[in-house]
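A.B. asks: Sharing a structure, written as structure tokens. Questions coming.
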Amino acid sequence: MEKNGNNRKLRVCVATCNRADYSKLAPIMFGIKTEPAFFELDVVVLGSHLIDDYGNTYRMIEQDDFDINTRLHTIVRGEDEAAMVESVGLALVKLPDVLNRLKPDIMIVHGDRFDALALATSAALMNIRILHIEGGEVSGTIDDSIRHAITKLAHYHVCCTRSAEQHLISMCEDHDRILLAGCPSYDKLLSAKNKDYMSIIRMWLGDDVKCKDYIVALQHPVTTDIKHSIKMFELTLDALISFNKRTLVLFPNIDAGSKEMVRVMRKKGIEHHPNFRAVKHVPFDQFIQLVAHAGCMIGNSSCGVREVGAFGTPVINLGTRQIGRETGENVLHVRDADTQDKILQALHLQFGKQYPCSKIYGDGNAVPRILKFLKSIDLQEPLQKKFCFPPVKENISQDIDHILETLSALAVDLGGTNLRVAIVSMKGEIVKKYTQFNPKTYEERISLILQMCVEAAAEAVKLNCRILGVGISTGGRVNPQEGIVLHSTKLIQEWNSVDLRTPLSDTLHLPVWVDNDGNCAAMAERKFGQGKGQENFVTLITGTGIGGGIIHQHELIHGSSFCAAELGHLVVSLDGPDCSCGSHGCIEAYASGMALQREAKKLHDEDLLLVEGMSVPKDEPVGALHLIQAAKLGNVKAQNILRTAGTALGLGVVNILHTMDPSLVILSGVLASHYIHIVKDVIRQQASSSVQDVDVVVSDLVDPALLGAASMVLDYTTRRIH
């Protein structure tokens with residue numbers, strides 16, 4: 001059993017209200033069903049699933065071999081605003097009995113429907129933990145208000161995009177309870193292959209229809225502007241009639257205004273028109289084949305801007321219902337769809353095109369992440385939510401714990417040579433530091449990290465330091481969201497695809513943050529060093545290798561594949577020396593400690609290194625410091641090597657200035673003071689006049705990697721938690 005606070009199965013209640021949310025919840029339900037050792041699944045069906053006019057879609061849940069524990073008729077017919085409110089009230093009346101009987105540990109709620117609001121309200125008031133799927137997104141209607149209200153009620157959050165994650169954090173939700181998983185439906189979309197898709201197309205659109213020669217239309221009422229949305233639907237149907245292509249029209253959802261939309265369809269004879277097929281529901285497996293092979297999709301459904309991008313099918317998004325959604329290049333927005341001609345022009349522009357597939361909303365691996373997240377939920381944790389508010393002026397009252405304890409972080413620095421662990425205070429003071437040689441194997445390294453952290457945590461208690469979390473700085477490419485080292489440099493062996501967060505979190509029972517050493521150096525400068533208060537700056541860290549970090553608008557830049565700010569691997573020569581990354585001519589191949597050691601050995605082997613006043617003991621390896629000492633004592637060859645190294649670093653800085661235009665460049669690490677004047681000379685000689693005013697300084701921080709690792713913990717906890 002994975003951690004959930006006790007030794008029994010986690011009882012999960014999945015409540016589904018309509019055909020759309022079932023398409024997102026079904027992959028999770030299938031995943032839960034495959035792990036009976038961990039989970040018990042109860043399925044509650046309500047809303048439009050149970051209405052004949054909307055296809056009695058509860059049947060597809062039964063066809064998927066799920067046992068429906070409870071059916072709740074909660075829809076008050078009328079399809080107007082009052083009916084929606086009454087439906088919420090009816091659900092609130094019926095749900096308590098169901099939840100009292102089922103006694104779930106957690107309820108999974110999806111999206112932004114009024115039914116989901118009733119579910120979340122009931123569960124929250126009955127002290128049942130809530131996992132909200134697809135929180136943090138922005139559309140453009142009352143759905144936004146409902147979605148964000150559910151976010152406030154939910155205890156845990158699964159979001160689909162980085163922007164949604166940032167919205168949740170901005171809404172003061174606890175970052176530890178947010179999972180960026182991607183959309184569950186993408187697990188199915190990206191694996192959907194059906195060689196017999198033409199039989200599906202013919203079944204729904206007729207035997208004479210060809211692939212990419214039909215349209216799928218799905219339009220819903222906009223409850224905040226019903227009259228305008230009805231008019232827009234009428235214009236859409238007129239444009240489709242004029243466009244004269246076979247069209248599959250799905251009936252709208254049950255929101256206020258849907259009855260009027262159906263009247264418009266019948267008034268225009270859509271159900272009997274030879275070019276139209278009007279249907280209440282299409283099973284999701286078949287629906288994705290229909291949109292994947294359509295010439296175009298038109299309407300205002302979230303499906304158009306979210307799921308259809310996985311196939312590159314052209315989409316025409318009408319009106320403002322999805323105005324805030326992130327979309328791929330396959331989506332053409334017609335926000336003011338106020339004339340038939342405008343919609344018709346959009347059809348002519350989009351129909352038949354093929355766009356690149358878009359994975360904005362998922363990579364096909366959401367469900368495994370969600371199941372892992374569910375298993376990690378500790379039922380012994382307090383049920384009451386905590387909100388993480390931005391810093392505010394503290395109360396003048398005092399807290400005895402704050403007086404007696406020093407709020408601190410455990411910081412870990414995994415370098416090419418040494419492994420260091422430190423207790424770092426909120427003010428950036430290193431209270432205690434431990435150093436060991438970095439082992440060569442994965443098993444020895446993980447074991448030593450855990451041992452050193454446990455010892456440091458025990459020492460922190462004696463020193464009256466309250467450890468708030470663990471921050472880890474490591475060489476290589478890091479996914480900070482998952483706490484995984486994706487790919488390391490050659491300096492740290494057996495360090496690819498390494499999950500650092502899980503073993504430390506499980507051992508220490510503390511939150512764990514992980515990032516690249518260059519990024520940590522930049523974060524250290526932002527919190528404790530010369531970057532404090534600077535909006536845009538770049539840090540270059542010189543050590544065994546060369547790393548860096550970029551702060552833009554006060555935020556650290558990670559890049560789309562967590563590869564931003566690999567500044568040591570900027571190429572400054574087409575025929576330069578080989579680099580540890582596998583390329584050649586990189587800054588690191590010239591200016592790193594490794595590069596200087598390489599050149600020092602060459603000089604020493606040729607008896608050209610030592611000058612009067614210096615010696616190297618036989619048992620001491622020749623290194624960069626010997627080269628620097630020789631240069632200081634007048635060794636011209638050593639001086640030339642240092643000048644070449646500094647010039648390479650300077651050229652890299654010039655490239656950064658021309659790309660990022662920062663106001664400040666901070667050189668950090670043991671070699672920074674030896675390079676600073678050369679770098680400034682190169683900027684004067686090579687940089688354009690518009691960027692020459694940049695400040696280039698040497699860091700005054702002694703341990704930037706440790707301080708940066710600590711800052712990940714301390715920055716998070718400076719937000720007041722209530």
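Each residue, glycine too, has its Cβ placed from N, Cα and C.
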A.B. asks: Which residue of Glu455, Glu459, Glu535, Glu588 does Swiss-Prot report at the same N-acyl-D-mannosamine site as Gly476, Arg477, Thr489, Asn516, Asp517, Glu566, His569?
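C.D. replies: The one candidate that Swiss-Prot places in that N-acyl-D-mannosamine site: Glu588.
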A.B. asks: Go through Glu271, Asp413, Asp517, Glu566, Glu588, the listed binding-site residues, and name the one with the sparsest Cβ surroundings, counting other Cβ atoms within 10 Å.
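C.D. replies: So among Glu271, Asp413, Asp517, Glu566, Glu588, the binding-site residues given, the one with the fewest Cβ atoms within 10 Å is Glu271.
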A.B. asks: Between the binding-site residues Lys259, Arg420, where is the Cβ count within 10 Å the lowest?
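C.D. replies: Among the binding-site residues Lys259, Arg420, the lowest count of other Cβ atoms within 10 Å belongs to Lys259.
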A.B. asks: Counting Cβ atoms within 10 Å across all protein chains shown, which of the binding-site residues Cys579, Cys581, Cys586 comes out on top?
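C.D. replies: Counting Cβ neighbours within 10 Å, the top one is Cys586.
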A.B. asks: Give, as a single whole number between 0 and 100, the mean pLDDT over the region 'N-acetylmannosamine kinase' (406-722).
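C.D. replies: When the pLDDT values over the region 'N-acetylmannosamine kinase' (406-722) are averaged, the result is 91.
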A.B. asks: Would you count the other CB atoms within 10 A of the CB of Asn418 (ADP binding site), including those on all shown protein chains?
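C.D. replies: Excluding its own Cβ, the number within 10 Å is 12.
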A.B. asks: Would you mind pulling the longest C-alpha to C-alpha span across Gly476, Arg477, Thr489, Asn516, Asp517, Glu566, His569, Glu588, which the record has binding N-acyl-D-mannosamine, in angstrom?
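C.D. replies: Per the listed residues, the maximum Cα distance equals 16 Å.
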A.B. asks: Which ones in the same chain are close to His569 (N-acyl-D-mannosamine binding site), with CB under 8 Å and 6+ residues apart in sequence?
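C.D. replies: Those within reach of His569 (N-acyl-D-mannosamine binding site), by Cβ under 8 Å and sequence separation of 6 or more, are Cys579, Cys581, Ser583, Cys586, Ile587, Glu588.
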A.B. asks: Can you check which residues sit near Arg477 (N-acyl-D-mannosamine 6-phosphate binding site), meaning Cβ under 8 Å from its Cβ, same chain, 6 or more apart in sequence, and list them in order?
C.D. replies: Val485, Leu486, His487, Ser488, Asn516, Ser561, Phe562, Cys563, Glu566
A.B. asks: Between C-alpha atoms, which of these binding-site residues comes nearest to Lys280 (CMP-N-acetyl-beta-neuraminate binding site): Ser301, Asp413, Thr417, Asn418, Gly545?
C.D. replies: Ser301
